[in-house]
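Below is one structure, written out as structure tokens; the observations come after it.
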Amino acid sequence: MLVLLAGIFVVHIATVIMLFVSTIANVWMVGSSNYGTISTGLWLLCNRTCTQLPVSNEDEASLKAVQAFMILSIIFSVVALVLFIIQLFTLEKGKRFYVTGAVMLVCWMCILIAVSIYTARFTNTVAFSTNPHHGYCFILAWICFCFSFIIGILYLVLRKK
């Protein structure tokens, strides 16, 4: 049981770190241009230097929603981690980690919404570039989506022994 708890804890910390990286780094879409590689993220457009991400008026609300849901997913993931640690020491024997699992599933839903909006609105759109493709931050966000769902379900099923 201790190995299972330690494994879940390590995967949860890895998920939090990957959420931070995928939200902060600017490599959601990558393309090439005459000047080299161009990458865009949720915040900046980077070539040799990084500048504010140029977004049309119709896409601005979508980008703000993606940014907000990714930040919310980080917050809920950290809250779930803190709740898990608190419940680990205060929960009675035989009880389940319902609150931690519910918060982690809310994190999962926030990641799903953010990445789905980004996929629908911003795929294959890198300004001033040709041959755009997804970067590692986009892939990390999908990995976090999978991990947060698995962790959330494990918390709901897990009993304290």
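Glycine residues also receive a Cβ, built from the backbone N, Cα and C atoms like all the rest.
Here TrEMBL flags 7-29 (among others) as transmembrane segment.
Residues or ranges marked as transmembrane segment in TrEMBL: 65-85 (among others). Away from its own ends, the transmembrane segment (65-85) comes close to residues 8-9, 12-13, 15-16, 19-20, 22-23, 42-43, 97, 99-100, 103-104, 106-107, 110-111, 113-115, 117-118, 122, 141, 144, 148, 151-152, 155 of its chain (Cβ-Cβ under 8 Å, at least six residues beyond either end).
The list of residues near the transmembrane segment (97-118) in space but at least 6 beyond its ends in sequence, with Cβ under 8 angstroms from a Cβ of it, reads 12, 19, 28, 42, 62, 65-66, 69-70, 72-73, 76-77, 79-80, 83-84, 87, 91, 138, 141-142, 144-145, 148-149, 151-156, 158, 160. If you look up TrEMBL, you'll see 97-118 (among others) marked as transmembrane segment.
Taken from TrEMBL, the feature transmembrane segment covers 138-158 (among others).
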I need to check the long-range neighbours of the transmembrane segment (7-29): which residues 6 or more away from its ends have a CB within less than 8 Å of a CB in the stretch? 39-46, 50, 70-71, 73-74, 77-78, 80-81, 84, 104, 111, 118, 122-126, 132-138, 140-141, 143-144, 147-148, 150-151, 154-155, 158
